[in-house]
Structure formats: structure tokens, C-alpha cells
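A.B. asks: Here's a structure for you.
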Amino acid sequence: RGPQHQSTGSLQSDSPASSSSLSPAPSPSPRATPAPPHLNYRSRNNSSSSNPTTTSLTKRWNSTGDFNTQGLLPASRFTSTKSLLNLYSKPSQNGPILKHGTHTCQYNEEEGSMRMFIRGRPVVMYGPSDHENLDPAKVAPPPQSKLKLEWVYGYRGKDCRSNLYMLPTGEMVYFVAAVVVLFNVEEQCQRHYTGHTDDVKSIAIHPNKLVIASGQCAGHDRLDARPHVRVWNSVSLATLAVVGAGSLERAVSCLSFSRADGGNLLAVVDEGADRVLSVWDWQRADRGCLAETKCSVDTVIAAEFHPLDRNQIVTCGKGHIAFWTLDASNVLYKRMGVFDTRDKPKYVTCLGFNHNGDVISGDSSGSLTVWSRGTSVASRTVRGAHSGGVFSVCALREGGLLSAGGKDGRIVLFDDELNATGTEAVIEGHYGGVRVVSEGRGRLLVGTTRNCILVGDLQLGFTPAVLGHVDEVWGLATHPCLPQFVSAGWDRLLQLWDGMSHSTVWSKDIDERAQCCAWSSDGGVVAVGGCSGRWMVYDPQTRALLADHRDGSEPIQTIVYSPNNQMVALGARDNFIYIYQVDDQGARYSRLGKCVGHSSFITHLDWSEDSQYLRSNSGDYELLYWNASTCRQVTSPTSMRDITWASNHCPITFTTVGVWPEGADGTDINSCDKSSDNRLAVTGDDFGKVKLYAYPVTQPKSVCATYGGHSSHVSCVRFSSDGTRVLSAGGRDAALMQWAVE
């Protein structure tokens, strides 16, 4: 039995915290049939992806020097500060960060087996008979390929506000997970700011419309655990300043640049227990935080600098609106807003300013309140503007004001005197209520509570530009031939996506919380496993339900069709694997039996290439083998050592030993996959990371390239059928990300 080897360190490399991509324009309307066969993904124009800004954007804004004359300092000014703790000491989270995980492993040369310990429990895995002897002390090299973030599907409107803007470049700016997305709808291209390490919770646009501030919550580990604000250049995507690292407690819920002085100051609200409001001179590292004070004992929903009055800030939230003044000695003074006794709402939900400098607030009772400039007493109330809360108010450049309802879905136009004009639009209910309305380039942007972004106007209506999931996403499967994939989540949505046009082909409510999904081997049907033991099969062209079955009452954790398409295996939370015979081109299913032998729930399944055998992983770190036709366990794992497997979704196998980090508890790796050419492996873990390895990963010490972007556990990762793309699903962040393999 070979010696035990411990960790010897790690290898790291830096790379810029930005990405960009172009795509062909999507079809004008959702399609009910899959896209036609295509040439290799690489036939797309990827030239812009290697450049942090697209050619068209470079022409609009030549360099960061275009606005340095306005008093915005270069990034080098902030690389060593005292009050602004910088985060440049660690590599960019957009990666790749090259690192190898090491753990206690024992290699037995005589048996050709690797014994790995997960939480002290030994797992023995046998390599192929012709496999060369391993030296566990040897470090396997990194993959020769790398990943580049190409597209982000989704938007966070469910629980965040004031998070959708239009830039002069024609790009809309919003965030999802740990990524700030700059999306040009007309040109169908995205760029990404990826400097954050966890959930982005707030965003603010500088008065010059070029600089952006974005705030995040606390991260997963000690190094990333500090909530902070990053100020960055929207053209070059370069970070200009990092504000508040080490000073903030929980998350940055509100951000606002000062307007009357040209954006020299930045107001920050910390979501911690004391809801601290702080004001920062973000360009002057030597000054740092100018003032801070406890803002409210209750939730603070919005904070805005006054556009006309210097050093005036307005905040609002549960049961209050407050008017703040920052005096010459950098002390914040507060005046509480005084409502009419009968009009005091439970929540003041949004803020805006008209052209006179009056404050307009919306509240949870559906009313709009006017606060005359310089006063803290309500001067007028428009009751019943909406049935339900007012979630957004937006002063239009040409005059007038829009108010939007989160419950009734109405967007209503008022004149400057806050009289209803009779012009309004209603957002369709399946998109959700209105979270935010923003104006840009002669059209309106609407973010919704169901994580959609719509574009349009009050006269012609609105069309979706971004669709996403609303709850945790666990199901993800790529088409066996076409550049398409399906996703399914706890929001009961099954969605088909086109990876070439980066668009939604269709979205269907399946009336069941989904835990997994899979294509049949010929791409003819899609199966979805639910959280109640129910599983369904759909026709991807017509969206028709073809089959509906139930096995037990526990969630179906994984579904895999056999390569010959004659069987399907389902791994369930009840510790059983159910095997069905498939007939009538995937429309009819007959149960062959169930595999009994695991002592914990099933996590992953793989079929052999000849469709005769299955291997499975479970919640207590078992690796078992099964004869599919008899549903009996193969009790001699050595007899399985030379079987060729069609996939590598099981992370506990001989070919994925090296994906397990030191001290892994067995739940760290949520998903893994190998490319169709058997060159690469990818994993998604509990810490929001996507990792790329050279396949097979048989060395306990295997260098990987690590990529950030997701803010929650990465629930599933899959290669595209041709191996040129990787798709990843974030659990709680409800985001889907598409990575190009370069």
C-alpha cells in the first residue's frame, strides 16, 4: 500500500476581471422547434471576446483618459491605502486561478486502486487494467484550455431595487449573482464586470454616466468575507477604487453618487444590524470615510443624494423617510419626514426627484407623496395611485413622472404637477410585478419581480429582453447534437435556451418544483425530475407532456438516458435507482425494477457506453455498480475497471480523484462533467466556483483553473455536445452562465 501524501501548496495566475461577447441577433419571436443543425461553435465571430471592450464601444469612448480630466483618478492611486482597504493583493476572480487540491490518498500498485478518504470514510476506486502506475506525490499539469465567460442568463429583480440603468453606449446595466452585466440589446452583445466575489446587491451610476459603483455582500471564505463597494470604469471595466472593505458588516443594500458636486461623494448603506449610512470621498484614499451614522433600526430600502442640493441625502424604508445633511465638519444631521397622520405607510418603498428638486416617494399603500424641496413635511399625497405598493418612480427627461406598481403591474404617467395623464401600460402577470423603471434612448427599461427585463414604451407596449429563473436552479442539460440546453428549477419553470443566439426558445410552467432534467440520447424528448417523486417527459418541439410518472415521495435527484436510448435511470432521494424501459421514441415507459443497495440518497449516475451498466454515487460517498437489465448490484468493482463510461457525472470515480479539495466533506462538489473528446473535466462546487481540469483527473494533486461569477453553490455544470462551451447553473443565485472553451 503506497504512502500518504499531503498538500505542497498551490499555483496561481492572474487575468483581467472582465469579459465580453457578441452573438447573432435572436429570432424575433420565441421558437417552438429546435434551431437547425449548425457549424462548429467556433464559426462564430469571437474576435470581440478577446478584447474587454467591443470595437463599437471603443469608437465611442477612446480610453479612460477621456474622463480623467473630470477629476477621476487612475486605479494606481488606490493600490495602497489605509482607509480604503484594497483587494488587489489576490488574483482576479474571473480567473483563471490555477490551484491544485490535495488530500489523503493511498495508491496500491498491485491492485491498481486508489483509496481516498472523504470525511474519514475510505472510498476505493479501481483504474483500468492498462493504466500506468501513479505517483500520488506528482502534480498533474493544468488544462491546456481555459474558460471565458461568454453570456449570463438572468437578472436579479426578485429582491433588489434600483438596479437597471441605460448607459450612453446603448448598454443596459444590471446584475445577477456576482456579475454586473452590460448588455447591448440592439447589437446583442454582453460585457461583464467580474471583480466581485459574492452577490452584488446594489449599483449606482456616476453623473458622468461612465463610472459605476457596485456593492456586494459578505463572501464565502475568510479572504472574500468582507462586503465592499467597487467603483469601476464602464468602458475599460477597470477597477478605480475599492471602498469599505473591512468597515462594512453584512451587505451593501443602497448606493448613490452625489450629483450637485459632480459625483465626488458616494453614499453607502450597510445592511448590518445598525443599518449604517456612510459617506465616502471615493477618489481620495487619504480621506476615506467622511462620515457615518446609524441610519435606522428598521430596514432601509433606498438612499439617494439630492440632485440639486449639495450634501443632501434622502433615505427611506420601513415606516420612515429621512432627510440628511452633511455639514462642513462632515457630520450627518437627520430630519425625519412627517406624514399626514392618516397617510403614514408601513413602508416607504422608493424615491425620485422632479425637476424642481421636490422629493417624490412611493409607499406600500399605493400612494405617492410630494416633499417640497428643503422641507421634511409632506406637502401633497396622491392616494391610490396603485393597488398595492409603488415599487419605482422615474422622472422623465422631457418632463413628467412614471410610477410603477409591484402588485398591479401598472406603469402610470403623471404630469409635472402629479396629475394622472391617462396614459399607462400594464405588464403581463407572468413577467411579475414591476420592480424598477428606467429611461434610456427614447425607450423604457422595466425590471420585474420575476427576474425579467422588458424594453418598450407606454404606447407600443413592452417585449422581453432578458428572461430568467426566479428560484433555485438545479436542472441543467445540454442537447446531444444542437447548441441548445434546458434548465429547470424550484420556480416550476422548464426553459429551453439557444446557446448561439443566447435567447429563450420557450418557457413552460410544469406545475412541479424541478430538481433535475435530461435529454434523451437522440434529443427527441426532455425528462424532468421533480421534488415530490414525480417525473415527466416533454416533447421539446411542441412542449406537450408525453409521460407522467411517480416513484416514491422523495425528490428525483438525477435522470440519465442510456446511450442506446432504450432505458432511463432515475436516482432518488429515497436511496433507490429506478430503471425504465423506453418505447415509442421516448413517449412510453415501463418500469424494469429498482436498484437497492445504497444506504443514502443517490446523487449522480453514469451509463456505460454499451448501455449495460450503471455506476452511482450517494450522499454517504459510495461508488456502486449495477447491471441495468437485472437491476442487481455488481459486487465486484474490479470487474468494472475496464468498462468505458459514456459520461462522468459521478464525481467519486477513479478518473475524478483530483477534483476533491483538501478537507472535502463530500458535499463540496455538486456536479462534474467531461468533454466529448475526453480532454477536459469541469466541476461546480459549493463555493460558487467553476473549475476546469485536464481529463482524466487521476492524480490526487491536479492543477485546475478556477473561475468565479456565481455567488451561490454551483448546482450543475455541463459541456456542450461539441465541447466548445460549458454551461453552469447557480443554485440560489438563479443564474445560468455560458463559458467559451478557448
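A Cβ is built for glycine as well, from the same backbone N, Cα and C atoms used for every other residue.
Residues or ranges marked as compositional bias 'Polar residues' in TrEMBL: 1-14, 59-73. The compositional bias 'Low complexity' annotation in TrEMBL covers 15-24, 39-58. Feature annotation from TrEMBL assigns compositional bias 'Pro residues' to 25-37. TrEMBL lists 190-456 with the feature domain 'EML-like first beta-propeller'. Under the heading domain 'EML-like second beta-propeller', TrEMBL lists 473-741. What TrEMBL lists as region 'Disordered' is 1-73. Under the heading repeat 'WD', TrEMBL lists 466-498, 595-636, 707-742.
Provide an account of the burial state, proximal residues and distances for the features listed.
C.D. replies: Across the repeat 'WD' (466-498), DSSP classifies residues as 0 helix, 19 strand, 14 coil.
Across the repeat 'WD' (595-636), DSSP classifies residues as 0 helix, 21 strand, 21 coil.
On the 0 to 100 pLDDT scale, the repeat 'WD' (707-742) averages 96 in the predicted structure.
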A.B. asks: DSSP-wise, what's the residue breakdown of the repeat 'WD' (707-742) into helix, strand and coil?
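C.D. replies: Output for the repeat 'WD' (707-742) reads 0 helix, 19 strand, 17 coil.
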